[in-house]
Amino acid sequence: MSEFVVEGVWAAPGRVNVIGEHTDYNNGFVLPIAIPHTARAFVGRRTDGRLRLASTHAGSESVDLAAADLAPGALSGWAAYPAGVVWALRAAGYDIGGADIRIDSDVPVGAGLSSSAALSCAVVLAFGDLYELGLDRIESARIAQRVETDFVGVPVGMLDQMASLGCVEGHAYFLDCRDLTGTHVPFDCAGAGLRLLVVDTRARHALVDGGYAERRASCEEAAALLGVPSLREVADPDAALAALPDGPLRRRVRHVLTENERVLRVVDALRNGDVRAIGPELTASHASMRDDYTISCPELDTAVDTALAEGALGARLVGGGFGGSAIALVDEARCEAVTAAVEKAFAAHSFTPPRFFQAVPSAGARREG
Ligand code: ADP
Ligand code: MG
């Protein structure tokens with residue numbers, strides 16, 4: 001391919017959700033931070049209607065197609081994300097033509113840190129600027145969400161996109177997914193002598209996609225049974241749980257209802273400047289996902305249990321489950337011991353060696369050049 005046209009660079013970060021898992025598609029509460037790992041989109045408009053896509057990520061084949069030919073399902077693989085942005089913008093009525101898009105991202109792929117939303121959000125921002133579309137954050141997030149739900153075919157909520165676009169440095173983003181209003185809550189781990197450690201288990205079990213869709217369908221079924229538009233509208237959690245038949249459906253609902261309450265308690269603790277107090281809520285969130293929502297796996301449980309045994313204040317799986325990453329809130333002085341213990345436990349189980357990151361609350365998406 002001839003050299004790519006570049007009119008600017010737009011950056012969008014990955015995210016770690018501190019707490020509020022599987023609540024976004026239930027109109028509930030989430031509390032993500034943006035991480036330093038970022039997708040950068042180098043984008044230039046083309047006048048010939050061609051869409052040329054490239055990524056520095058290993059195994060990402062370059063693609064050259066006509067922007068007007070895009071249709072859901074027509075593209076598989078990584079190129080569906082940037083091409084899906086063009087499709088979603090056109091579907092929303094924006095007159096987007098051809099472009100060159102080169103992606104350079106250091107967000108770990110498939111680790112539950114939302115490399116997909118980082119990529120899509122960077123490209124949405126690029127087109128918003130280049131075509132002066134006047135997109136606000138929420139509309140940009142909806143476009144990026146439609147890339148995944150309608151073009152790629154994964155029924156995701158709005159957490160990843162809103163986090164990548166809306167987070168600010170040094171803060172967690174307390175977001176109400178019912179109306180997408182949010183506030184920034186100070187989250188100063190370092191000031192409290194703590195680290196938020198991310199353990200990428202490198203596991204990705206077959207249930208990832210089907211398990212997610214199935215949980216989502218359960219929540220909708222339960223809301224219908226309870227006669228509410230979504231689980232967020234449940235006024236009396238105990239009565240609602242008692243009204244559901246004893247079994248997996250009731251337990252799944254219990255996860256969602258209790259998880260929303262945990263988010264609110266964590267937000268209160270952070271507003272009081274008490275970062276240490278969130279530890280037990282993280283651990284309770286993990287137990288709820290393991291026992292009630294049943295989305296954990298041996299690698300995630302090993303990471304969480306080992307971190308806790310080594311003195312972590314709290315730990316939980318993050319993201320969809322069935323693999324991906326866990327987080328642990330750890331005293332700075334215990335960080336190395338926790339890391340070493342998790343490595344050792346993974347080796348003892350013959351799991352793939354994990355990777356570790358520190359999640360520092362970072363800036364959301366922006367134009368960089
Ligand atoms: P996550 O968002 O948790 O990392 P997903 O399965 O939602 O996991 O998204 C991962 C997919 O996003 C990859 O399989 C690939 O198609 C695409 N992707 C993410 N980052 C890149 C990149 N830098 N280059 C090419 N494709 C990417
Ligand atoms: Mg993703």
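Using the three backbone atoms N, Cα and C, a Cβ is placed for every residue, glycine included.
Now, the feature entries from TrEMBL:
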type	residues	note
ACT_SITE	Asp160	active site, proton acceptor
BINDING	Glu21, His22, Thr23, Asp24, Tyr212	substrate binding site
BINDING	Ser55, Gly110, Ala111, Gly112, Leu113, Ser114, Ser115, Ser116	ATP binding site
BINDING	Ser116, Glu148	Mg(2+) binding site
DOMAIN	8-44	domain 'Galactokinase N-terminal'
DOMAIN	81-165	domain 'GHMP kinase N-terminal'
DOMAIN	267-347	domain 'GHMP kinase C-terminal'
SITE	Arg15	site 'Transition state stabilizer'
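When the recorded positions Arg15, His22, Asp24, Gly110, Ser114, Asp160 are checked against ligand 1, Gly110, Ser114 have a Cβ within less than 6 Å of one of its atoms. Residues 82, 99-108, 113-115, 117-123, 125-127, 129-130, 155-160, 162-165, 167, 171-178, 185, 187, 196, 198, 215-216, 219, 223, 229-233, 255-256, 259-260, 262-264, 266-267, 278, 281-282, 285, 289, 293, 295, 316-321, 325, 327, 357, 359-369 of the same chain, all 6+ positions outside the domain 'Galactokinase N-terminal' (8-44), place their C-beta atoms under 8 angstroms from a C-beta of that stretch. When the recorded positions Arg15, His22 are compared by the number of other CB atoms within 10 angstroms of each CB, His22 has the fewest. The CA atom of Gly110 (ATP binding site) is located 13 Å away from the CA atom of Asp160 (active site, proton acceptor). Taken residue by residue with DSSP, Ser55 (ATP binding site) is part of a strand.
For the pair formed by His22 (substrate binding site) and the residue listed as 'active site, proton acceptor', distance between Cα atoms is given as 12 Å, rounded to the nearest Å.
Checking each of the recorded positions (Arg15, Ala111, Gly112, Glu148, Asp160) against Thr23 (substrate binding site), the C-alpha distance stays within 10 Å for none of them. With helix defined as DSSP H, G or I and strand as E or B, the domain 'GHMP kinase N-terminal' (81-165) counts 50 helix, 8 strand, 27 coil. Neighbour counts were taken as the number of other C-beta atoms within 10 angstroms of each residue's C-beta; across the binding-site residues Ala111, Leu113, the minimum falls on Ala111. Secondary structure from DSSP puts Arg15 (site 'Transition state stabilizer') in a beta strand.
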